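Worksheet: the structure to be examined is printed underneath.
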Amino acid sequence: MAKFDAHLKCSFCGKSQDQVRKLIAGPGVYICDECIDLCNEILDEELLDNQANTNNSPQVKKKLTNDNPKKSVPLELTSIPKPLEIKSFLDNQVVGQESAKKILSVAVYNHYKRLAWKVKEESKNSNSTDSQATKLQKSNILLIGPTGSGKTLLAQTLAEFLDVPFAVADATTLTEAGYVGEDVENILLRLLQKSEMNVELAQKGIIYIDEIDKIARKSENPSITRDVSGEGVQQALLKMLEGTIANVPPQGGRKHPYHDCIQIDTSQILFICGGAFIGLEDIVQKRMGKHSIGFTTNSDQNNVDTKKLVEPRDSLKNLELDDLVKYGLIPEFIGRIPVCAVLDRLTKETLESILTQPRDALVKQFKTLLSMDNVELKFEPDSVEAIANEAYKRKTGARALRSIIEELMLDVMYTLPSEKNVKEFTITKKMVDNLFSSKIVKLPSGSKRIIKESA
């Protein structure tokens, strides 16, 4: 240890404590703030040189330049998946919703075709001042459907197939700038985080804004008071949906004038907005059936036809712009989401198919879970139907299926891991009907297991 000196000096540049702002002591050495700054500059230069020399390596291409095909959207027209291919992949993951899947497949194909066209035109005109090429505008997507109908799943599956960054945002947490809540730019931060803060990759991603119906303004007529979580949020989202250079705080939260922000171009990001829009069908029915309200002289047959015309399940197929305006969305907001897909309410048959058909079906998931305990799980066909019927009664769509099976399997998954003699377990309709009153009977080693069910 060096002898203490009343006039401490930097061990690197020799300047005394009085000549520098800060002198940091270590075990027998001292370093001043100026030498620290110099060291940082040297390290930064070395880091930049290393990046420049290694950018051609496969590892760096994968993370920084997005040349890895599984980490970037192919921007060659011949490489973009065709609508039939996109829908085929959706069919493997999502049961039903044929019309919505077709609309989404075409919209997504056109979106990434537009990006490929933009890259092609930019490279063609990089050395030319001629800008006569047609500019293709972006078409965002609006998904309307009851809870549990598959809105989020469709968006997630699209992003999985295209292998692009995907982020989900909740519209109910957003507020107008200057009020307590999240700024709309925080939506972009989630996408950046999914892209490992890679701006170029994030700009090819998909953002799903859930509960978009919850930011409808509270009344059809503009109010004199500010609606900071309704119409105010719609106004704040306009430029982002249309395409702008947004400033995103890297740490989230509110933007600060003295903090650096990340700039991201939203014109290449596909926005998919989804909501249940409870009550929208009533608005459509009122518009369509307004001439048949009250007593009429029409025949009974005509009255039956009118009832069919305004059937709640089919009324949203006749959705018009004015209906969304009456619901509470401002015309400017609707104009920036030109593609609209209406999802059907799930039927009992569809719920039954959801249990068994998709790649990640719930039945397959629980079979995999029990296989880890060396137990083969089986479902009788009648039990699957009974589970679907119970889910249909709960009116929460496909979400009810997992809740029911979790309740059904609770005692089974609690007991089976400790049962060495059980190699097979079968879920029966009676177990579902009797609210999961089955019991496992422990048998001697080597004997088959049976299930006792209460009457």
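Backbone N, Cα and C define each Cβ position, glycine as well.
Per Swiss-Prot, these features apply:
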type: DOMAIN; residues: 1-51; note: domain 'ClpX-type ZB'
type: BINDING; residues: CYS10, CYS13, CYS32, CYS35; note: Zn(2+) binding site
type: REGION; residues: 52-74; note: region 'Disordered'
type: BINDING; residues: PRO146, THR147, GLY148, SER149, GLY150, LYS151, THR152, LEU153; note: ATP binding site
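Confidence annotation: the domain 'ClpX-type ZB' (1-51) carries a mean pLDDT of 79 in the model. For the pair formed by GLY150 (ATP binding site) and CYS35 (Zn(2+) binding site), distance between Cα atoms is given as 59 Å, rounded to the nearest Å. Cα of CYS10 (Zn(2+) binding site) to Cα of LYS151 (ATP binding site): a span of 63 Å. Secondary structure of the domain 'ClpX-type ZB' (1-51), assigned with DSSP and counted as helix (H, G, I), strand (E, B) and coil, comes to 22 helix, 8 strand, 21 coil. Here the C-alpha separation of THR152 (ATP binding site) and CYS32 (Zn(2+) binding site) works out to 55 Å.
Rounded to a whole number, the C-alpha distance linking LYS151 (ATP binding site) with CYS35 (Zn(2+) binding site) is 57 angstrom. Scoring each of the binding-site residues (PRO146, GLY148, GLY150) by how many neighbouring Cβ atoms lie within 10 Å, the top position goes to GLY150. Residue pair CYS32 (Zn(2+) binding site) / LEU153 (ATP binding site) shows a Cα separation of 56 Å. With the fewest other C-beta atoms within 10 Å around its C-beta, CYS13 stands out among the binding-site residues CYS10, CYS13, CYS32, CYS35, LEU153. Most other Cβ atoms within 10 A: among the binding-site residues SER149, THR152, that distinction falls to SER149.
Neighbouring residues of the recorded ATP site, listed in sequence order and excluding PRO146, THR147, GLY148, SER149, GLY150, LYS151, THR152, LEU153, comprise GLY145, GLY274, LEU343, GLY397, ALA398, ARG399 (Cβ within 8 Å of the Cβ centroid). Looking at GLY148 (ATP binding site) and CYS13 (Zn(2+) binding site), their Cα atoms lie 68 Å from each other. Between CYS13 (Zn(2+) binding site) and LEU153 (ATP binding site), the C-alpha separation comes to 62 Å.
Reported as a whole number, the C-alpha separation between PRO146 (ATP binding site) and CYS35 (Zn(2+) binding site) equals 63 Å. Highlighted in sequence order, SER11, PHE12, GLY14, LYS15, VAL20, LEU23, TYR30, ILE31, ASP33, GLU34, ILE36 have their Cβ within 8 Å of the centre of the Cβ atoms of CYS10, CYS13, CYS32, CYS35, the residues recorded for Zn(2+), and are not part of that set.
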